[in-house]
Amino acid sequence: MSELRTLPVLPLRDIVVFPHMVVPLFVGRDKSVRALEEVMRGDKQILLVTQKNSADDDPAPGDIFEVGVLATVLQLLKLPDGTVKVLVEGKARAAVVSFTDQESYYEAQIGEVSEDDGAGPEAEALSRAVVEQFENYVKLNKKVPPEALASIPQIAEPGKLADSIAAHLSVKIGDKQNLLEIFDVVKRLEKVFALMEGEISVLQVEKKIRSRVKRQMEKTQREYYLNEQMKAIQRELGDPDDARDELIDLEKRIKKTKLSKEARTKAESELKKLRNMSPMSAESTVVRNYLDWLLSIPWGKAKTKKIDLVESEGILDADHYGLEKVKERILEYLAVQARTNSLKGPILCLVGPPGVGKTSLGKSIAKATGREFVRMSLGGVRDEAEIRGHRRTYIGSMPGKVVQSMKKAKTTNAFVLLDEIDKMGSDYRGDPASALLEVLDPSQNSTFGDHYLEVDYDLSQVMFVTTANSLNMPQPLLDRMEIIRIPGYTEDEKLEIAKRHILPKLAKDHGLKPAEFIVPDKAIRDLIRYYTREAGVRSLERELGALARKTVRDLAREKVASITIDDERLAKYAGVKKYRYGETDEVDQVGIVTGLAWTEFGGDILTIEAVKMPGKGRMQITGNLKDVMKESIAAANSYVRSRALQFGIKPPVFEKTDVHIHVPDGATPKDGPSAGIAMALAMVSVLTGIPIRKDIAMTGEITLRGRVTAIGGLKEKLLAALRSGVKTVLIPQENEKDLADVPQTVKDGLEIIPVSTVDEVLKHALTGPLTPVEWNEAEEPITTSAKKDDGDSDAMLTH
């Protein structure tokens, strides 16, 4: 290596420059332009180094290869768009010793790499072989200019020969960089020879593929010509027997099927078109598939069964325990249909957490009405064509899910359950929710248009029922449906469901007789309390399924006649308890409140923690809280400060104290205003030092005047409180009327206290009374450096 020198660096993307190469480059990055400007002020020497990742716009020294080329700038031209066109000539290999950041560009300390002259018989033999191989390569690769064949053989120096050929190879940047980093001339020639051999093999395969494709195209054109001749002959001689039989069969089906006038005209037109086509043509297959779909869906085929309300009620009661109000509304719906013999009523939408029986309720309604049940899953549907079908111009086109469901039902008055309607999405392919508007509108669905069928189809006799976990769907879609909420089950209801439905099903699935698998009520209750925490019964079914599997195993292992799941076996089979039930903190604590939340999966408890520390009056909020909950905290903060003296808090405390409010389970986003009174209680507790009762939970929105306003999801929240072992729940006075919808077992298990003001909340929740204080501003002034609670970003830090 020669003596070290320092040069500006020009990082290259997607190109490796070799010595003796003259290359035009377009430079647009600021650092690269400034490096060139610096070079032009000096001796026009620059280091060209390839960067490792071509997508990197600002490569660091570690992102650049350590071997490059010392080059001379021959010409530089600034273009109108701010970029620079530069002509460079590679001089010699250079190894980078270190990089220096000059802010506007990088400099590198380099040393030129000395190479041997490559003299010797081995180098001479390799040079001849490489030149011969290069001639073969140029014949196959049309991208190499023909003049290269004239210039390359004239190069006498083996090293220069290897570099010149490497510059013309269509190989990966990494392979070219490897060649640049090979300083031994003989090894470099060997590497170039190996790379050319690999490229020649690939080019030969490409040539074979091109020849094969060309022959295939000629064959296709020949087949087309022969098919046209065959069609002419067929017109003279008549159709073959098979094709004629198929056409006769299609004609009979068209006459037999009760098509609409529009559909019959379309079918006859397509059949006429099919008669004039070759049976072997691709277009005839498309037409045959279309006619098959058109004639396979039901036209005027209806199953009739009079709705018997007593029988329907018996089916609903047999299939589902509890859900009395839901079943009552469904029976009302069926009664109106039975009386009017019409389906012009609202579309029912069953909304509730997972595992509460929405889909099975749909099956029961279908059984009660005597209709064919078809489930149409909409979860993950993002393409409008999945609802309306694809147009026939596309390869592999077919009707949408609605028409496919009708074909499966084989009757025009089927029962179609649109499952998970809230899980649809939309993207550049359209909005499937908008396509459903026509399906679910009784005044429009008699002329439903599927893109594939291209004729109107009558859906007015179909009974549509939808299911969803939440109401997170477009408003026009919601307007077409009547929402029936299915809340979570109480503990007693889960117990009965397990005994009546889950255990018999599991025993049958696992080959167990009732006498072999005995699960007492206590074991089921323990599973509900300590191993599941859900609104539905899916987790309970999984836990009972685990007990059944272990029972089957132990019946074979222990050679006993039956197994009873007592406390010992439950602990052995189910493992460690996953949840606490009926256990509260041992002591009342300052700043820790139990709130109640509603999610699309049911109710849940929401622990809120608050601490104070010396500071400058800042409020810090953590726990993945969204905007509405942050505003609720701000309102609670303002209310507490406005009533500070009545609560026993002197105003200077606010300027000297930082308060941190945290809602655990930070991975789960949280939003909504119903934790307002819990936030206010936490602030008062932490600022006064008075503990909060450990066995109390609450829900309610707060106003700036301290009034407690109504919230939603009361039943789900009370169920969550009961599941969690809370004894007392504070609810807004305005929600007292909603207690009529809450099961009596829940009301019996909780002490429910309606409140209308924050003062009442503090009275019930704090363990001690609040002592008002007096404050003389002259004696204890508020300093001007205190942070004002004006709602700006300085008053509240959120993370």
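Glycine residues also receive a Cβ, built from the backbone N, Cα and C atoms like all the rest.
As recorded in Swiss-Prot:
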- Ser674: active site (ACT_SITE)
- Lys717: active site (ACT_SITE)
- Gly352, Pro353, Pro354, Gly355, Val356, Gly357, Lys358, Thr359: ATP binding site (BINDING)
- 7-200: domain 'Lon N-terminal' (DOMAIN)
- 587-768: domain 'Lon proteolytic' (DOMAIN)
- 772-799: region 'Disordered' (REGION)
Query raised in the report: Distance between Thr359 (ATP binding site) and Ser674 (active site) at the Cα atoms, whole Å?
Result: 30
Report task. Give the sequence-ordered set of same-chain residues, not counting Gly352, Pro353, Pro354, Gly355, Val356, Gly357, Lys358, Thr359, with Cβ within 8 Å of the centre of the Cβ atoms defining the ATP site. Result -> Thr467, Asn469, Ile486, Ala535, Gly536
Query raised in the report: Which value does the mean pLDDT take for the domain 'Lon N-terminal' (7-200) in this predicted structure?
Result: 84
Requested in this report: Would you find the one among the binding-site residues Gly352, Pro354, Gly355 whose Cβ has the most company, meaning other Cβ atoms within 10 Å?
Outcome: Gly352
Query raised in the report: What's the CA to CA span in angstrom from Lys358 (ATP binding site) over to Lys717 (active site)?
Result: 20
Report task. Determine, from DSSP, whether Thr359 (ATP binding site) sits in helix, strand or coil. Result -> helix
Query raised in the report: Here are the recorded positions: Thr359, Ser674. Which has the lowest count of other Cβ atoms within 10 Å?
Result: Thr359
Requested in this report: Calculate the distance in Å between the alpha carbons (Cα) of Pro354 (ATP binding site) and Lys717 (active site), and round it to a whole number.
Outcome: 16
Query raised in the report: Which whole-number value in Å describes the distance between the Cα atoms of Gly357 (ATP binding site) and Ser674 (active site)?
Result: 28
Report summary line: Row Gly357 (ATP binding site), column other C-beta within 10 angstroms, all chains, value 24
